[in-house]
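According to Swiss-Prot, the features are:
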TRANSMEM  117-137  transmembrane segment
TRANSMEM  152-172  transmembrane segment
TRANSMEM  179-199  transmembrane segment
TRANSMEM  203-223  transmembrane segment
TRANSMEM  243-263  transmembrane segment
TRANSMEM  267-287  transmembrane segment
TRANSMEM  342-362  transmembrane segment
TRANSMEM  376-396  transmembrane segment
TRANSMEM  417-437  transmembrane segment
TRANSMEM  438-458  transmembrane segment
TRANSMEM  474-494  transmembrane segment
TRANSMEM  502-522  transmembrane segment
Amino acid sequence: MCYSLSIQSSIDFHNRNALKIHGDRAILTSNLPTLRRIPFLPERDRRRKLVLCTGRVVNSLKFTGNTSVDLCGIPRHRLRVSCSDARRTPEETAAELTAQPNFSEFITSERVKVVAMLALALALCNADRVVMSVAIVPLSLSRGWSKSFSGIVQSSFLWGYLISPIAGGTLVDRYGGKVVMAWGVALWSLATFLTPWAADSSLWALLAARAMVGVAEGVALPCMNNMVARWFPPTERSRAVGIAMAGFQLGNVVGLMLSPILMSQGGIYGPFVIFGLSGFLWLLVWLSATSSAPDRHPQITKSELEYIKQKKQISTMENKRISTSGIPPFGRLLSKMPTWAVIVANSMHSWGFFVILSWMPIYFNSVYHVNLKQAAWFSAVPWSMMAFTGYIAGFWSDLLIRRGTSITLTRKIMQSIGFIGPGIALIGLTTAKQPLVASAWLSLAVGLKSFSHLGFLINLQEIAPEYSGVLHGMCLTAGTLAAIVGTVGAGFFVELLGSFQGFILLTAILYLLSALFYNIYATGERVDFDTTA
């Protein structure tokens, strides 16, 4: 069915209920296919009939949502709406499937509000992690801890992080991201808030508090992955992940930059109290303003909901809450090489991430002999770069897919940049003689690392959408084991060789090997997990 909007000299409605005037707008309403808002009618088109078919591009305008036509000075009596039964062409159908909302529509949509809240949660997640990376310097000095023992204290977070991702991913797949994320933020904020009292009680209480932070934060990324898969169509998921992970990296910046300031004002435990309370403020907004899926969101517009469903070609499984209590098919998941591609990539990502996050303040303090505030600043700059490049990578990834690049090739391009780039940059870091140069190399490494989020991280949703939560949990568990080895191993490695350089070179080589493995075995297509390899 095609609908024509003409500018006439008199009122002439074939379908009188199809056009309603509201202020300076004419709105097509009656039994129309979903059409997109036309922001204006150019002067040259005011005397030209515009045929509006769903998704069809006419005069470089795309129509997908409820149509609202600004009158732009056109007299109301010169508007006419008529309809015909013209058959839609394949080209029109294809155009409908590729029509994209403009930037203002995208940025004000409910799905972007949801991903913005996810970004804030991930920012708090990393801020609560990184506090100990700064606090460990004065703690180790005041209590006489060696570098190897400092590594063990920092790894206590990872021991907790090790046990929760698979269980958390399974819970996310069953109950949805809203509920599980709420519990996660509540628990890790409480544990962070109580850390000062735990530290004053005993070493074991401190280790237990940090382990509890790790347990609770293990659900954060599976929740993000699950909600992005439900709220965003494939052509927007890269940008959504880019926004969420930008918050993730900005949490590092906020934690590293604010912690020394808060320590100078409120003592060594000041940041733990402030960041812990911030989590509870976030929780109030999250519970009142979000839903696990778009079809359960009370404020989403009909046009946005239809757009999401149409672009996703949503299945029954994606539309309804997964209520089965069955055990996920771990054997079948592990029988496929694409699963191992994302597991290996996530393991290397976690190794590099936690080594840099945990050891860079100590690295700058001990190698370049800068004070704590300067060490925190040099360590924070790279994460600012990662937040910026992450969104650029997401935009570029979506653009490649919209222009016809296969999802598989797009993921491999992003992953290659995200691992080969840091590998080369870390080799450069070993040659730096000044802290400013070292921070520049580190910024390049961490900035390029963000491209891998548009490789392996989003790839989880594509190869196993029905198991994305549990698969992400499996990857995080493997990654946490790698992070424990890297974080603890770095301390022993430095004590054994007396230098950070050898460990940085080892990390660079592992990045390059992981990129090769991913390019050989990864795919962007859905994998059949109903049969074993």
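Keep in mind that glycine also has a Cβ here, set from the backbone N, Cα and C atoms.
At the 8 Å Cβ cutoff, the transmembrane segment (417-437) and the transmembrane segment (179-199) share fewer than 3 close pairs (sequence separation 6 or more) and do not count as touching. Away from its own ends, the transmembrane segment (243-263) comes close to residues 112, 115-116, 118-131, 133-135, 138, 224, 228, 270-271, 274-275, 357, 361, 372-373, 376-377, 379-380, 383-384, 386-388, 390-391, 394, 446, 450, 453, 457 of its chain (Cβ-Cβ under 8 Å, at least six residues beyond either end). The list of residues near the transmembrane segment (376-396) in space but at least 6 beyond its ends in sequence, with Cβ under 8 angstroms from a Cβ of it, reads 133-134, 238-243, 245-247, 249-250, 252-253, 256-257, 259-260, 356, 360-361, 364, 368, 370, 414, 417-418, 435-436, 438-439, 442-451, 453-454. Contact between the transmembrane segment (502-522) and the transmembrane segment (203-223) is not supported, since fewer than 3 Cβ pairs fall under 8 Å when only residues 6 or more apart in sequence are counted. The stretches the transmembrane segment (152-172) and the transmembrane segment (438-458) are not in mutual contact, being linked by fewer than three Cβ pairs under 8 Å (pairs 6 or more apart in sequence). Residues 146-152, 154-155, 158-159, 161-163, 165-166, 169, 218, 221-222, 330, 333-334, 339, 342-343, 346-355, 358-359, 456, 460, 500, 502-503, 506-507 of the same chain sit 6 or more residues outside the transmembrane segment (474-494) yet have a Cβ under 8 Å from a Cβ within it. Residues 221, 225, 228, 237-238, 241-242, 245, 249, 341-342, 345-346, 349, 352-353, 356, 360, 364, 367-368, 378-379, 381-383, 385-390, 393-394, 397, 410-412, 414-419, 421-422, 425-426, 428-429, 432, 475, 518, 522 of the same chain lie 6 or more positions beyond the ends of the transmembrane segment (438-458) yet place their CB under 8 Å from a CB of it.
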